[in-house]
Structures are given as C-alpha cells and as structure tokens.
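What follows is one structure encoded as structure tokens, with my remarks underneath.
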C-alpha cells in the first residue's frame, strides 16, 4: 500500500489539459491561409515549454508528500518520506490512566503520620486518656452510678483539652471521640447511661468495661479496659488483655488481617475461668472486630475479627488501628439489646437533605456543625440545650441520614471483658499511643 496520496480524477483532467490539441486558439486564423513555419516553430516550442513547466510543478508537489512505492517495493523509504515524518500508528487509549497503584495512592494519602502536629496531637489525646482512666480506676467502686462515671469521664476529657465544646464547631476541634461506653457483665459493648433512664449502681459482683475515646482534629484515641471487684473474674480479664496485646504485637506493615485474627483467637481460647464452681472456656466474640481509624471516622473500613478467617487484606504503613478484643463466658456471639447507645451522621449522606420535618432540618444542621461524623449520644445534645429532638432524630434515622447504634449483649448470666489499644504503623516501628502502666 502506498504511503502517498492518489491523484483524483480532477487532477488527471487538469494535468491532461496541458496536452490539448490547441482548441479554438489554433483554428481562429484558419480560413485556408498558409501557416508561417517560423511562427509554427515558435508556437510549438512555447507549448513544449509549458508542458515541461507543468511536469516540474507536479514533481515539486510530490516531493512534499510521501511518494508511490514501486511493486515490488525497491525505493528507499527516506526517498519516499524525505521529511522523516512517517505515518503514526494506531492509538489505543489506556483504560486506566493512573500512573500510581492503589496502594501507592493510599500511602500518599497517609503522609500525615510524618507530620509533627499529627503525632503531637495523637500523643496529647493519649495522655488525656491515661490521666482520665486513672481517675476511673480510683472512682469506679460498688455503689457509684454509671451516669456519674460517664459524666465524670467526659468532663475530665473536656477539662484537660481546655475545650468545653459548647460553642458551635468547638467539639469538632477536640472532644470525645464517641460516647463513653460502660458495660456490665453480659453487656458486651455500646451501653451508655442516657438522660431519663433508671440509675444503675455498680455492684460487688459486677464486671465493668470502660470504653471511651479522645479526639483532636478528628484523630481518635480509642482505648478500653475491664475491671472487676471480685478476683473470681481475674482469668477472664487476663485472657482478653493477653489476646489484645498479642494482636498488637502481631500487627505490622504487610501483615495479613487473617494472621492477626488467628493469633488473637489462639491466645484467648487458651484461658479458662471458674465461676461459682463451673469452668468456662473464654470465647472470642465472633461478630465483633477491631478496626482502622480515619479522621473523624472511628471505623475506617478495615476490620480485624477475633477468630480465624480468610481475609488476605494487609495492614499498610501509616495506618492507625484500634486493636480490641472481646471475650465472653457465654455463646461468644452478640445480639442487639434494647435502648439506644448513640447516633452517627452517615458520611455518605448528602449535605442538603430533603426532609419535610422542620425539627429534622434543624437537628441535621446542629449535628453537622457540632459533631460531623463523630458518634454522639443524647447527653451531648442536651449539653447544647437541644430540646424536643426525638421526632427529628427518628426522621433522620428513617431517611438514612443518621445511623442509630444500640447496646450489644451476650446471653444473660454470662460475663464479658474488653481491652483495646490504638497504635500507628510507622516505617520502622509501631507506636502504641494508648499504652499505659495500667494496661
């Protein structure tokens, strides 16, 4: 196939017109008179000159574009393409135009861990957590109400942050990472004393789990511990604490989640506890998990179960994780309890929500301005003097704008425990922010 352009029929006719028979120009003098030989020679010479000029012009136009290849092809290509501009090949667009892998993009998005401000804020939040829970160890005794413990924890956190969080937007700068969880016995997670509930007082035989978070600029230290007043439950607490520490120790860059889960389960199930003459194997809760943490989002998307699984997802440099384990003498499987623990704004919800109820619109605005996607509870709304919010809240929950969280429990008569630490996977080591002398 030739690289040049074929001549069109119009071009052929135009070129052949130079070779015509003279037409009317020759016959204009023709009435039988004699033709002058000198004049005829001159005219013939002029026609030949015109013919030669046309050919030269044609050669010049061909020189500017690729010429015709012979058959078989013998003309060197440099003569056919004197300009060196050869035909471009077929262009097929890439389906993916990204020049980096998904893992590289995730890593680039986590460069905050190298930032001094990020580390300083996380360490500050962890120190506030340690000092606050020291007060809990001293104060949480039989006869004390759960409501007083919860309010005392939250007042302490806000005081140490020097931020009461009462002005619009102040609680987004720093404050509670989520509502304080205070769970007794078979209550495994997500119970908090809310206004209007019957007071609950600690008893000598209770096993109390304390779970609270501290955030600065949306980065949350999530840490929990369990305490008991009767040494009967010491082995239950030891099993869960050991399992959590094993999970933290096993975790690392490029470690698969399935490996962390298997290590946790193996350690926890190696413990037994004797309660009132009956021996129980400590069981990991099968349908709860640890998690990574994103800014303003306590659950970042990766989950770390406490039982063996096939999850080949890897932990990555720069990620923040909350390794928590729950152990139980019951079924090792949680179900919903009655009541409401707290609420959280759905991070996928649109900014402008089409709700007809005016109270729902006002409440949505209050939530966005004061909590964002931080989980909150009724106590936090009432601190802001928000009134008559239940109808509006129900509307937002039904619309999927706000998510509602309830208490979680194992079978009645069982006992459960939880320990949890927040840590950062740095390039050369793990930094366990929430580690303290107590656990």
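Note that Cβ sites are derived from N, Cα and C of the backbone, with glycine treated the same way.
Quick look at what Swiss-Prot lists:
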- 190, 299: substrate binding site (BINDING)
- 211, 222, 420: divalent metal cation 1 binding site (BINDING)
- 222, 291, 324, 420: divalent metal cation 2 binding site (BINDING)
- 22-32: compositional bias 'Acidic residues' (COMPBIAS)
- 47-61: compositional bias 'Basic residues' (COMPBIAS)
- 1-87: region 'Disordered' (REGION)
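Overlay of Swiss-Prot annotations on the structure.
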residue : record                               : CB count, 10 Å
190     : substrate binding site               : 24
211     : divalent metal cation 1 binding site : 23
222     : divalent metal cation 1 binding site : 28
291     : divalent metal cation 2 binding site : 20
299     : substrate binding site               : 16
324     : divalent metal cation 2 binding site : 26
420     : divalent metal cation 1 binding site : 24
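Cα-Cα distances to residue 291 (divalent metal cation 2 binding site) place 299 within 10 Å, out of the binding-site residues 190, 211, 299.
Taking the mean position of the Cβ atoms of 222, 291, 324, 420 as the divalent metal cation 2 site, the remaining same-chain residues with a Cβ inside 8 Å of that point are 223, 224, 290, 321, 322, 323, 421, 422. Distances between the Cα of residue 324 (divalent metal cation 2 binding site) and those of the binding-site residues 190, 211, 222, 299, 420 are shortest for 420. Taking the mean position of the Cβ atoms of 211, 222, 420 as the divalent metal cation 1 site, the remaining residues of that chain whose Cβ falls within 8 Å of it are 181, 212, 213, 223, 224, 322, 324, 418, 422.
If you measure from the Cα atom of residue 299 (substrate binding site) to that of residue 222 (divalent metal cation 1 binding site), you get 10 Å. Within 10 Å of residue 190 (substrate binding site), as judged by C-alpha distances, the binding-site residues found are 211; the full candidate list was 211, 222, 420. In the three-state DSSP classification, residue 291 (divalent metal cation 2 binding site) falls within a strand.
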